[in-house]
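Chemist: What follows is a structure written as structure tokens; I'll ask about it next.
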């Protein structure tokens, strides 16, 4: 969603040509390409993963993090649809009213906060499960309560962001924009940016890294061979998360620094828009990497899909297996009889 800053009608006055530079046009084309790729790949992957995990829980017991991972993918699914609506509106393919713009922007920030925070919570739960040294299956009631509290907290954090959203009334296009028209609103907007930089960037990275590093060290100290697959999974998980989050934190800090010292120049406007463009892409990259890392790494999803298939189609599998066994036994008998006939033939 584009940001329109108009401080007492002075900032950006007469700078309409700044938004049509070749650099910004190229950046917007690249953003559209990346968004299209993530939308077309992430949504089908998330549907496959969530469906498989839900069906698997009907035939097998769940572990401590199962429901949390399912809600993580569900929030990623909602987030990608919010990205879709925001993209088609930004390209002016559809016009929205102010309420729908605020609703989409609110849901986007709420589920994004929930998704990134859930990654850190899953890390803490795995750490607790490891150190209790016993089977720790979370009760449905406590799991639901924790998910509800996190969802409520994420929604409360997202409320201030929706207050800045309006439709671009100057051009009458129905395009959703973050509109700031006073110095107090600008200061509040900057404060909200700082809070979300901490919620989306610093805090999850610290919690995630701390608990997974300890988790990895504990498994390595027990025996590396026994937990070789788990160690590989945790290392891939940690590496992929840090490769996204560390540049993300750096870009968030740069954006806050630029917004803290606004300038009425095309160069300043171009830098801020490019930073905001990259920031918009980072949650999409998380939504793309989460199914790949959490589900498709290590073959766990394949095993669960096979278990679901065997559970829902047992008769077919049994008859197929029996047919294979009978064919194999018949083949062995034919081989033995042929060998005996050849043995009894005269030379």
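Glycine residues also receive a Cβ, built from the backbone N, Cα and C atoms like all the rest.
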Chemist: Can you dig out which of the ranges 4-24, 67-87 Swiss-Prot describes as transmembrane segment?
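Modeler: Of the candidate stretches, Swiss-Prot labels 67-87 as transmembrane segment.
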Chemist: For the transmembrane segment (103-124), could you work out the same-chain residues 6 or more beyond its ends whose Cβ comes under 8 Å from its Cβ atoms?
Modeler: 1, 65, 68-69, 71-72, 75-76, 78-79, 82-83, 85-86, 89, 96, 146, 150-151, 153-155, 157-159, 161-162, 165, 176, 178, 196, 199-200, 203-204, 207-208, 211-212, 215, 241, 283, 286-287, 290
Chemist: Test of understanding: give the count of other CB atoms lying within 10 angstroms of the CB of residue 101 (disulfide bond).
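Modeler: Step by step: centre on the Cβ of residue 101 (disulfide bond), count other Cβ atoms within 10 Å, giving 25.
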